[in-house]
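*Asks:* The annotation signal peptide is assigned in Swiss-Prot to 1-17 on the grounds of similarity to another entry. Under the heading disulfide bond, Swiss-Prot lists Cys126-Cys129.
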Amino acid sequence: MLKKILLLALLPAIAFAEELPAPVKAIEKQGITIIKTFDAPGGMKGYLGKYQDMGVTIYLTPDGKHAISGYMYNEKGENLSNTLIEKEIYAPAGREMWQRMEQSHWLLDGKKDAPVIVYVFADPFCPYCKQFWQQARPWVDSGKVQLRTLLVGVIKPESPATAAAILASKDPAKTWQEYEASGGKLKLNVPANVSTEQMKVLSDNEKLMDDLGANVTPAIYYMSKENTLQQAVGLPDQKTLNIIMGNK
């Protein structure tokens, strides 16, 4: 599951215009930012907000004199609050992060019209990145999945220069594939100093990776069938791998 803290940070800091009832205002003073209202069961009025790294729901009783902060469940045991938070907060923010990845500097591995898209943040010296690259071969080679790799230089001091060498090659995507296929043994023309252009790409990728809440590679992102952004950090197990590759 994608870390929520970064998604909440994407929400616009817009002051809630409607005058809040006194009980809700008292809860708001505890550091909660009210985002919108919604109709809640039982004649109550709901308020959707955020607090630190969490989405929160507040329920105002029909008499307007009491407010409850927390989850609401129905008779089937379904968490109505969490469903609302996912739909109204996390899902839209996740789609925005997906768009940021689409607009970033990535290397294509596979057919550009492959139906399943998977983004991967990878370091040239990351052994698990190489294993994931190998794991993905059946899906990529069959045209079912396209991997979009965002190179970063975070593991070793020589990582940035090695990543820059790949980016500066005649065909970066092909060079990256050959590098991973060789287990990192492909000879590269590693520069003594990373150019400003390549450093910007790496810095932008690392910033995006950080904004997504990941601090290790591979950091893998894909969309679920519900069109919500999902995250898998590290080498995925077989069950997770199947989900990532669209075998739901």
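Just so you know, the numbers here start at 1 and follow the chain as drawn.
Cβ atoms are placed via backbone N, Cα and C, with glycine included.
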*Asks:* For Cys126 (disulfide bond), what residues in its own chain, 6 or more apart in sequence, show a Cβ-Cβ distance under 8 Å?
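*Replies:* Residues satisfying the criterion: Ile155, Thr217, Pro218.
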*Asks:* Run through the Cβ atoms and count how many others sit within 10 Å of the one on Cys129 (disulfide bond).
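*Replies:* Excluding its own Cβ, Cys129 (disulfide bond) sees 25 Cβ atoms within 10 Å.
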*Asks:* Does DSSP give Cys126 (disulfide bond) helix, strand or coil?
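*Replies:* DSSP call for Cys126 (disulfide bond): coil, neither helix nor strand.
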